[in-house]
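Taken from Swiss-Prot as is:
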- 1-21: signal peptide (SIGNAL)
- Asn42: N-linked glycosylation site (CARBOHYD)
- Asn58: N-linked glycosylation site (CARBOHYD)
- Asn65: N-linked glycosylation site (CARBOHYD)
- Asn78: N-linked glycosylation site (CARBOHYD)
- Asn84: N-linked glycosylation site (CARBOHYD)
- Asn149: N-linked glycosylation site (CARBOHYD)
- Asn191: N-linked glycosylation site (CARBOHYD)
- Asn195: N-linked glycosylation site (CARBOHYD)
- 243-263: transmembrane segment (TRANSMEM)
- Tyr335: phosphotyrosine (MOD_RES)
- 377-389: compositional bias 'Low complexity' (COMPBIAS)
- Ser403: phosphoserine (MOD_RES)
- Ser448: phosphoserine (MOD_RES)
- Ser465: phosphoserine (MOD_RES)
- Tyr510: phosphotyrosine (MOD_RES)
Amino acid sequence: MRSRCTVSAVGLLSLCLVVSASLETITPSAFDGYPDEPCTINITIRNSRLILSWELENKSGPPANYTLWYTVMSKDENLTKVKNCSDTTKSSCDVTDKWLEGMESYVVAIVIVHRGDLTVCRCSDYIVPANAPLEPPEFEIVGFTDHINVTMEFPPVTSKIIQEKMKTTPFVIKEQIGDSVRKKHEPKVNNVTGNFTFVLRDLLPKTNYCVSLYFDDDPAIKSPLKCIVLQPGQESGLSESAIVGITTSCLVVMVFVSTIVMLKRIGYICLKDNLPNVLNFRHFLTWIIPERSPSEAIDRLEIIPTNKKKRLWNYDYEDGSDSDEEVPTASVTGYTMHGLTGKPLQQTSDTSASPEDPLHEEDSGAEESDEAGAGAGAEPELPTEAGAGPSEDPTGPYERRKSVLEDSFPREDNSSMDEPGDNIIFNVNLNSVFLRVLHDEDASETLSLEEDTILLDEGPQRTESDLRIAGGDRTQPPLPSLPSQDLWTEDGSSEKSDTSDSDADVGDGYIMR
C-alpha cells in the first residue's frame, strides 16, 4: 500500500536501486529498509517447466516493474538476480534452469517499483521446489464410433525435480457424461517425454463424452474439460491429418508412375536389349523341367500317280500306211539298228519286205527267227569289204530311198541334225552296233521280209522276248536289210571294221562291233 511507504524514503530507495542495478548479488540486509508489499508467491510445474509466479493483494494499484532475487537458505550467500526476470512487467518467471536442487529451500525476494510515483516495495517468501504441484499436460481427443483416443503431449524434461515428481504422482483421466463422472482411468506413464495415447473404450454412439486430465497431487490442478459427441457412422482409425497425408502420397505415386510410363513409351528409358540366349533367364524353369512340345496339325497329302510316257523316236521305213504304229528307239538288250543312214531298196524289195506282220507272241517270233536264219544261210557269201558312206554318187545301181528317216520330236529340236543330201544323222549311244556284211550288191534286191529279220541273240538261249522295247508292249518290227555300201558308223571308221580286233562274227552273216 502507498501508505506504508514514506515519501522521504523514495529518494533513498531510488538511489539504492541505481547503485545496486549493476550488481548481480546483494546482501539480504540490503532490503531491510524497503517497506513490505503484501503478495502471494507460488511455484508450479507447467508443461514440464518450473514456473514461479506471484500476485499482489492490492490489485487496484498502478502497474509496476518486477525484479526477482533469490538465494539458497542452507547456504550463507548473497541474493542472486535472475536476468530474464529483471525489470519485467510479467508476474511469472521460469526458474527451471536456476533451481536444480528440488529438496532445497529458496529465499525469494521480489522488488516492486511502481511506475506511477516510483515508490519501491518488496515482497519475499520461502519456496521449496519439491512441493510444486503438477499441472496437466496439453492433450487432444479424437472420437470414433465406440471409443475415444486421448493423446497427451509431454515436452522434453531437463530437470530432475520434474522427472521425480511426475514418476511419483498418479495421473488421472476423468471420463464423464455431462456433469456426472462415468469413470476415472489411471494409466501408468513410463516415459514422460514425447506423446502418450490412451484409448477410452466401450462407449455409446450418439453420446456426448467429456474428458479431463490431472495429476492426483495436493493441490490437484485439473485441466479444462474437452467434450465430443460420438457419431454412429463415423469410422475409426484415421484422423484428418492421416487422410490428407495418404491422399498426398497417392497423388505423388500416380504422378511418378505416369511419368515413368510416358518416358517408357517415348523410348527414353527401359530400352530393350537383345541379349544372347545364354543370358536369357526368362524361361529358367523350362530348362530344368522341359515342357512337352505341342502337337502340330499335319495336312493329309494325297498322292496321285501319273504315268508319263517318254517321247520316242518314230522311224518309218515304209509307206504312209505304217505311220500310226509306234516305233521305239531301243530294245531291252541295248542294241539298235536305228540312227544309221543307207540307200533305199528297189520297188520289188519294198513290196516284199512289208513290215505289216509284227511279232506279237514269243512262239511265233521264234519260228520267224529260225526261218530268217535259214534264208540268210542260203545266200551267197559276199565280200567283207565295208560299203561306202552316204557321200557316194547317188547315180549308182540303187536309188536313194525316198522316205527319209523322220524324228518324232519337234522340227526345231533336230534341225541341227539335217545334213545335205537328205541324210539324217543320229547320235547312237550304245555299246555295240550290228552290221551285216553283204557279198553281192545284187542279192539285196530279192530279200524278203523274213530274210531281213535281225537276230540279236548273243547266246543260244536268247529268245525274241529280248527284242521287246523298254516301256512298250509291242515288239520291234523287222527292218529291211541294208547293203554294206550304205552302212556307216558315227565316227566314219567303217573301213577299219574288217581288220579291227573288236569285230566279232556272230553268225548268219552279221558281225558285232
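Cβ atoms here come from the backbone N, Cα and C positions, even for glycine.
Distance between Cα atoms for Asn191 (N-linked glycosylation site) and Asn58 (N-linked glycosylation site): 43 Å, as a whole number.
On its own chain, Asn42 (N-linked glycosylation site) has Leu52, Ser53, Trp54, Glu55 as residues at least 6 apart in sequence with a Cβ closer than 8 Å to its own Cβ. A coil conformation is recorded for Asn78 (N-linked glycosylation site) in the three-state DSSP classification, outside any helix or strand. Contacts of Asn195 (N-linked glycosylation site) defined by a Cβ separation under 8 A and a same-chain sequence distance of 6+ are given as Thr151, Met152, Glu153, Phe154, in order along the sequence. A helical conformation is recorded for Asn84 (N-linked glycosylation site) in the three-state DSSP classification. Taking the Cβ of Asn65 (N-linked glycosylation site) as reference, residues of its chain lying under 8 Å away and at least six apart in sequence are, in sequence order, Asp87, Thr88, Thr89, Ile112, Val113, Arg115. Just so you know, the Cβ of Asn78 (N-linked glycosylation site) picks up 15 other Cβ atoms within 10 Å once every protein chain is counted. Cβ neighbour count for Asn58 (N-linked glycosylation site): 11 (other Cβ atoms within 10 Å of its Cβ, all protein chains included). Taking Cα separation as the measure, Asn58 (N-linked glycosylation site) is nearest to Asn84 of the glycosylation sites Asn78, Asn84, Asn149. Annotation note: Asn58 (N-linked glycosylation site) sits in a coil segment as assigned by DSSP. There are 11 other Cβ atoms within 10 Å of the Cβ belonging to Asn84 (N-linked glycosylation site).
Taking each Cβ in turn and tallying the other Cβ atoms within 10 Å, the top scorer among the glycosylation sites Asn149, Asn191 is Asn149. According to DSSP, Asn149 (N-linked glycosylation site) sits within a strand segment.
DSSP gives Asn191 (N-linked glycosylation site) a coil state; it is part of no helix or strand. Note: the CA-CA distance between Asn149 (N-linked glycosylation site) and Asn78 (N-linked glycosylation site) rounds to 51 Å.
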